[in-house]
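Listed in TrEMBL:
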- 101-561: domain 'Amine oxidase' (DOMAIN)
- SER102, GLU121, ALA122, VAL329: FAD binding site (BINDING)
- PHE442: substrate binding site (BINDING)
Amino acid sequence: RPRTGEPTMMKMKTFIVLRAIATTATLMVGTAVTAFAPYTRVSTPSIRNGASTLVMKDYPKPNLEDTDNYRNFERLSKRFGDELKANNGEKKKVAIIGGGLSGLACAKYLSDAGHEPTVYEARDVLGGKVSAWQDADGDWIETGLHIFFGAYPNMMNLFAELGIHDRLQWKIHQMIFAMQELPGEFTTFDFIPGIPAPFNFGLAILMNQKMLTLGEKLQTAPPLLPMLLEGQPFIDAQDELSVLEFMRKYGMPERINEEVFISMAKALDFIDPDKLSMTVVLTAMNRFLNEDNGLQMAFLDGNQPDRLCKPMVDHIESKGGSIVMSSPVKEIVTNDDEDGSIKHLLMRDGTKVVADEYVSAMPVDIFKRMLPKAWQTMPYFRQVDELEGIPVINLHLWFDRKLKAVDHLCFSRSPLLSVYADMSVTCKEYYDTSKSMLELVFAPCSPLAGGNVNWISKTDEEIIDATMGELARLFPTEIANDPTWPATSSQGPNGQAKLLKYAVVKVPRSVYAAIPGRNKYRPSQTTPIPHFTLAGDWTSQKYLGSMEGALLGGKLAAEVVAERAKGMPARDIKTIQPDIYERAKKYEPRKPLGVKGEGAIAFGGGATLTKQSEKLLKE
């Protein structure tokens, strides 16, 4: 018998979970299986007279507020308007470098606390990794395919605070996978309403009869139980293992890698399972599995700059903050004293920005280029040597007719493609009843991410040809044999859909590469420099390199600044690893490289490489 209540509760939880799995498994193999038939199935539309019969259907917003995570971050949001509200003499001018989601979130919450933030964005568009722009035809080109999950508590709080929940198009609560061995077909994990987490996820997997055998499913469950029972300590301890190494260490079936983990790893961080830290997968699963509606997905009803970034800007400006576009920082100039405090920001146009507080919301790769000489031997800043952005490519494909589609995100389980969606079906602004526009994530696209080819260096035509070949294999009855794309040459006469145009958005340095052993080097928002704070999805927070992580990184940075303005004790700096101290001692300071050129890629974003942008990239 355990001596304390804690192990007793843990054993009880273990018993309940295992009993539920066993009971459900019994039902699955018995005559009662039909009682647990999915409440909905994926159906691809028929094609009549060249038009799809599929009609966009949105679902009611799920109950997102009744979770501990939502309530905790709701309290943090409210804290800015009361406990952290600046009184006379406490109001600070805050210079924020970077107008991505993290920088905008930091400015939003600082303005709520009564401060005066100014966001300096180097580019002519906001959003960073969620930025978008229009091509010559007026079509929107997005840096990435972005999905909103129910288990994004800060994002859902933000939508409530801005009054824009109606801009989310919620889809049916299921996960959809393209069948590699059955081209043109899909299979699903269906989440039954009324079944609480984590049992709804377990039941969804058990009900699926196409991806794993019952024995493989039961063999998969026990290694994941410590994630549910021990929580974050167990999850953090797995950071030294890749997904594949974790699977083999704990005796999970190899086929779960092919059926589930490949698509999951590429969707989470654009990396194959042999390169991705298991901490990433467990963190995501822990967030999603502990909330009834955590895995329910929504699409934004239009482009990110107008439908998400603009409401944030309007809010910031209404509270006295400001946004300055096309204003790159040339150098962070420090004082001569020993603490390395900031004297001013030297802008590229020669002007100087002086503030009470400074926040960097730059991507990690750009921050490393801007690191002042006076900071370079500090162990805190040498941690960033271990972090770098992962390459990814986002594709837009416009076809001459409607493809069979599903009104949802699809996991392709393809060697080259991660996830995709027919945006002409899923998104109101892009809705089209006669032609399809697929948005796809091409990953992995470099050896760092587990790929065999450095696709970032390939031409757009080579990338599109490889993609069309994959689509032809996945959907053999739809993609036409098009001489423009040699990879489609084996297509039969049934395939009719041809490509009208395409856009290839290359992001050579996207979210930080979550390869094994890197999580411990992600720095705290608190820094050793007086009145300087870090934001960004790559800083230490529990939602990884995601939209939710970017928001939380900015929100936590705002909390550090607001607490300092109130005279509260400084938050601790995250523990720095011993090897970093040794490296810092040996480091030879040098003049920071700074950012060269004008293009989006120079500032950590993505771009379609036209002749002009190629010229900027070379510069």
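The backbone N, Cα and C atoms fix where each Cβ goes, and this holds for glycine too.
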For the domain 'Amine oxidase' (101-561), the mean pLDDT of the predicted model: 94
Listed in sequence order, residues not in SER102, GLU121, ALA122, VAL329 with Cβ within 8 Å of the centre of the FAD site Cβ atoms: ILE96, ILE97, GLY98, GLY99, GLY100, GLY103, VAL119, TYR120, ARG123, GLY128, SER327, PRO328, ALA361, MET362, PHE603
Residues SER102, GLU121, ALA122, VAL329 binding FAD per the record - widest CA separation, whole Å: 17
Cα separation, PHE442 (substrate binding site) to VAL329 (FAD binding site) (Å, whole number): 31
By Cα-Cα distance, the member of binding-site residues SER102, GLU121, ALA122 nearest PHE442 (substrate binding site): SER102
Neighbour tally for ALA122 (FAD binding site), based on other Cβ positions within 10 Å of its Cβ: 23
Same-chain residues at least 6 apart in sequence whose Cβ lies under 8 Å from SER102 (FAD binding site): GLY128, ALA361, ALA535, GLY536, ASP537, ALA550, LEU551, GLY553, GLY554, ALA557
